[in-house]
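Asker: Taken from TrEMBL, the feature transmembrane segment covers 6-30, 42-65, 71-95, 116-146, 152-174, 186-206, 212-230. Taken from TrEMBL, the feature region 'Disordered' applies to 234-276. TrEMBL lists 261-276 with the feature compositional bias 'Low complexity'.
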Amino acid sequence: MAADLIIGFLTLTLLEIVLGIDNLVFISILSNKLPEHQRGKARKVGIGLALVTRLLLLASISWIIQLTHPLFSIGSLEFSGQSLILLAGGFFLLAKGTYEIHESLEGDHGHKSSKGAAVFGAVVAQIVALDIVFSLDSVITAVGMIDPAGGGIWVMVAAVVIAVIVMLFLANPLSEFVNNHPTVKMLALAFLLLIGMSLVAEGFHFHIEKGFIYAAMGFSVFVEVLNLLATRRRRKKPETETSTPVKLHSRYTEDADATEDGTPGTDTPRTDPTAV
């Protein structure tokens, strides 16, 4: 039993860290819209709320388990409280991801610093909504992996706390990294769409193994890392060859006429009318 708890703890901790980093990336994307002096505060608020939300949901674990009872049905589909929450969260992530991608490609960010506290409040509200969605996904994942009875609840709490501590340490460097690499930001927004789609599928009872999702995300991150390394190498590579413009010359022909003293004639240039 102890061995099962240890294995479950390690696996759950890894998954919670992955979900936590995803959560943190989106917190960073949202906080980077604020003036620079407000970004750190927004990130701390977001991470703190992520921890509080996860712990509150774990404390109400029995309520979450009861959410699986059907509330109503449409045709052959039965909808429970958990299904409705997953659908709401999934559609929210899809809408938010689509909006952020559109804004990154075509949006105008010149209005960011003009709204002051109103912008800060709006960003914090979006961070809270994202925290709730990711916390629900996190807790539902934990419940599916570990039985809350027999000390399992404390394993879940420990995994969540460790993941949040990792988020705290990575908050500033990860935010700066995402802000300096637009392709990483776009990849993170694509992950937001992927997670949102998986939540919608779960809400309609189409189960998708999270291992497949994480494998796809991991492969995408690996490819992006290779792309960043290749870009950095190209920038550091010294120029060994200097490119010089090509110069066209006039065509030379040998003069067949000899001079009067019998010496061969000199090469005289003749202008080629076709030369540029």
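Using N, Cα and C of the backbone, Cβ positions are placed for all residues, glycine too.
I would like each feature placed in context: is it buried or exposed, what are its neighbours, and how far apart are things?
Answerer: Same-chain residues lying 6+ beyond the ends of the transmembrane segment (6-30) with a Cβ under 8 Å from its Cβ atoms: 42-43, 46-47, 50, 100, 123, 126-127, 130-131, 134, 137-138, 141-142, 145-146, 152, 155-156, 158-160, 162-164, 166-167, 170-171, 174-175, 178-179, 185, 188-189, 191-192, 195, 210, 214, 217.
For the transmembrane segment (42-65), the list of distant contacts is 20, 23-24, 27-28, 30-31, 34, 82, 120, 123-124, 127-128, 130-132, 134-136, 138-140, 142-143, 148, 153, 156-157, 160-161, 164, 167-168, 171-172, 175: same-chain residues at least six beyond its ends, Cβ to Cβ under 8 Å.
Residues of the same chain lying 6 or more positions beyond the ends of the transmembrane segment (152-174) and with a Cβ under 8 Å from any Cβ of it are 5, 8-9, 12-13, 16-17, 19-21, 23-25, 27-28, 40, 43-44, 47, 50-51, 54-55, 58, 61, 138-139, 142-143, 146.
For the transmembrane segment (212-230), the residues of the chain that approach it from at least six positions outside its boundaries are 15, 18, 181, 183-184, 187, 190-191, 194-195, 198, judged by C-beta separation under 8 angstroms.
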